[in-house]
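Features of the protein shown, as given by Swiss-Prot:
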BINDING   39, 45  NADP(+) binding site
BINDING   130, 131, 132, 251, 252, 296, 311, 312, 313, 314, 315, 337  FMN binding site
REGION    95-118  region 'Disordered'
């Protein structure tokens with residue numbers, strides 16, 4: 001299973017095409033729209049979220065509420081397009097209009113300058129329009145379909161915010177996937193700790209007041225995962241590696257870790273490895289989950305626990321020093337409309353990309369042509385691993 005996305009931040013809209021979904025899977029536009037709505041929420045979002053009310057148009061691959069096994073095509077309109085029709089026109093425009101909203105002062109930390117160098121764009125709007133996090137809209141749409149597939153197989157995905165601007169949630173116990181969903185949905189910053197939530201919101205407000213931005217850490221948990229997804233036989237078959245790549249591919253994300261993560265470097269092996277247990281009811285389990293559900297690049301049946309770190313958004317309303325590519329003089333960087341903190345929304349994007357990689361691994365391991373046989377094979381596999 002694979003997908004491609006297309007579209008610019010202020011163009012007519014965003015498109016994604018998914019290939020490889022099994023036939024016969026239940027799927028409605030509402031399954032996607034509810035995830036798009038979640039992405040647009042969160043304390044710290046900018047003015048554009050008051051303009052865009054994302055709704056998906058499914059244009060291919062589904063009939064009467066079920067997938068056909070053919071490519072699924074989806075389109076999300078940019079409501080703000082009406083204000084940018086000339087600037088972002090597909091057809092040539094008069095020279096005076098062509099220079100309108102031209103960007104010649106790249107923003108530090110953004111793709112502007114290097115993208116312009118790479119593709120020869122002397123108007124860096126050609127770079128920022130595609131490198132914008134607006135593209136994650138259709139990544140969330142694709143992830144919504146992956147989450148639907150996993151849900152039908154008894155696999156659930158939930159994300160939450162662990163840290164914003166140095167304020168970290170104090171979680172004194174493990175939360176189930178259902179608890180994470182319920183608690184995070186009720187929080188303006190998708191945090192499971194009410195005390196930390198208030199501090200996070202204050203830090204976001206302070207950053208906005210100062211024309212600054214702040215980043216944070218998100219965590220995604222996947223429950224009900226069967227053992228044996230991914231493989232140890234080749235480096236590129238390891239599922240945790242694929243998930244790490246997916247996390248770091250999200251705009252502004254700079255790292256990923258599983259389970260206890262980098263803390264494993266500070267502990268002896270006896271405090272890191274997860275002891276193996278067995279019972280007739282549950283089969284093989286682990287006493288702890290320090291490795292985040294992976295051993296040898298394969299799922300071990302415990303929940304997948306992965307975290308991603310997001311840097312502050314590069315667009316600052318109090319811009320940093322940059323250089324004009326025309327005159328080579330020092331100026332303040334360009335300012336584009338942006339958020340002061342997008343960490344809560346990024347947790348939804350992280351859910352989507354993790355769900356996608358897990359769904360791909362499921363389809364690689366089991367027959368993916370028909371959804372009814374897929375469900376049967378997954379259940380058979382669960383029983384086999386339990387009895388091993």
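Cβ atoms here come from the backbone N, Cα and C positions, even for glycine.
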Could you measure between residue 252 (FMN binding site) and residue 39 (NADP(+) binding site) for me? Cα positions, answer in whole angstrom.
16
Separation of alpha carbons, residue 39 (NADP(+) binding site) and residue 311 (FMN binding site) (Å):
18
Taking the residues 130, 131, 132, 251, 252, 296, 311, 312, 313, 314, 315, 337 listed for FMN, what is the greatest CA to CA distance in Å, to the nearest whole number?
44
Which of 39, 130, 311 (the binding-site residues) has the most other Cβ atoms within 10 Å?
39
Same chain, 6+ residues apart, C-beta under 8 Å of the C-beta of residue 132 (FMN binding site), given in sequence order:
8, 9, 251
What is the number of residues in the region 'Disordered' (95-118) that are helix, strand and coil, as DSSP sees it?
11 helix, 0 strand, 13 coil
Most Cβ neighbours inside 10 Å, all chains, among the binding-site residues 252, 313:
313
Please report the Cα separation of residue 315 (FMN binding site) and residue 39 (NADP(+) binding site) in Å, rounded to an integer.
19
Rounded to the nearest Å - Cα separation of residue 130 (FMN binding site) and residue 39 (NADP(+) binding site):
18
DSSP on residue 132 (FMN binding site), three-state: which is it?
coil
Between residue 313 (FMN binding site) and residue 39 (NADP(+) binding site), find the distance joining the two CA atoms and give it rounded to the nearest Å.
16
